[in-house]
């Protein structure tokens, strides 16, 4: 596809785009460096962007346990909302640890939890009500309960001093916010939040709830916490397909709504770092990273930025990927796998930018630098 850069321009609210030289450096970083694990464990909370299969065990329509999901994981659908690996799988490789298993899987117990657990659940939001239109899901609050269950088990598996050190060196990743908009605020036919709250007030509601749980992580003894912001949702096929803007343009009104949340989350990270001795909270600038990819697709090897590889209708985003649907053959040239989620190739770029990137990608330090702090 011949993308028109002027038409595709993503407005990213003042964020600085990465220079071509930085792009080249990030893309040339090795996929996996053999050696000692950089962290003892990684605990993952979030939504479908990082779900590793928890929703397979819930009564919900938000599932990805069927082909063509997993087509590039030896045709094995695991519940990941991707053609292959998620952001977390690829970050785990960079950290040189196994990808954390899903909490809801009955086999996630014993020694299997020692290097971390994934609690993420498709359709989950910061607010309990977000995503209810899909059925069962573990909200942020429930995922925190599930995390505490795991920590109680781990406490019995090591000495008190070792447990304290283990928690302090482990990494926590939280990926929330998308469903509070896509499956709440931007669905006025099902939710009244857009009537009750102006965009800044809704963002403040989300941030206050988020802050409470981020502080809870500190009280539990966790000290390294990575918090990616929300991507430019107005550019995903699902939102393009609504017909608010031409099909080759992002929905700017949606992206503008997200600005307050992302800016507030970055400010919250500053506040948390000031009031949490010995901890490091890091903001991941997903909005800018995706915006950079969409504005400069050729620099990353992409040729299709405005429609899904697997989906139906306008932008292949009106109906998301269906069981046994035939996806596009050139998946590494697509930014979006289905109506909502990036391809494995796009996830790989996001993971590398989080791990190696400058402060415009990960603030105030990147994930690699986080692992070196004690």
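Cβ atoms here come from the backbone N, Cα and C positions, even for glycine.
Marked as active site, nucleophile by Swiss-Prot: 48. Its Cβ placed at the centre, residue 48 (active site, nucleophile) has 29 other Cβ atoms within 10 Å.
Annotation source Swiss-Prot lists active site at 338 (among others). Over all protein chains present, the Cβ of residue 338 (active site) has 29 other Cβ atoms lying within 10 Å. The secondary structure of residue 338 (active site), as reduced to three states from DSSP, is coil rather than helix or strand.
Residues or ranges marked as active site by Swiss-Prot: 341 (among others). Take the CB of residue 341 (active site) and look out to 10 A: across all protein chains shown you find 30 other CB atoms.
The N-linked glycosylation site annotation in Swiss-Prot covers 162. Following the DSSP three-state reduction, the secondary structure of residue 162 (N-linked glycosylation site) is helix.
Here Swiss-Prot flags 1-28 as signal peptide.
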Inter-residue Cα distance where the pair is residue 48 (active site, nucleophile) and residue 341 (active site), in Å: 8
C-beta crowding around residue 162 (N-linked glycosylation site), within 10 angstroms: 11
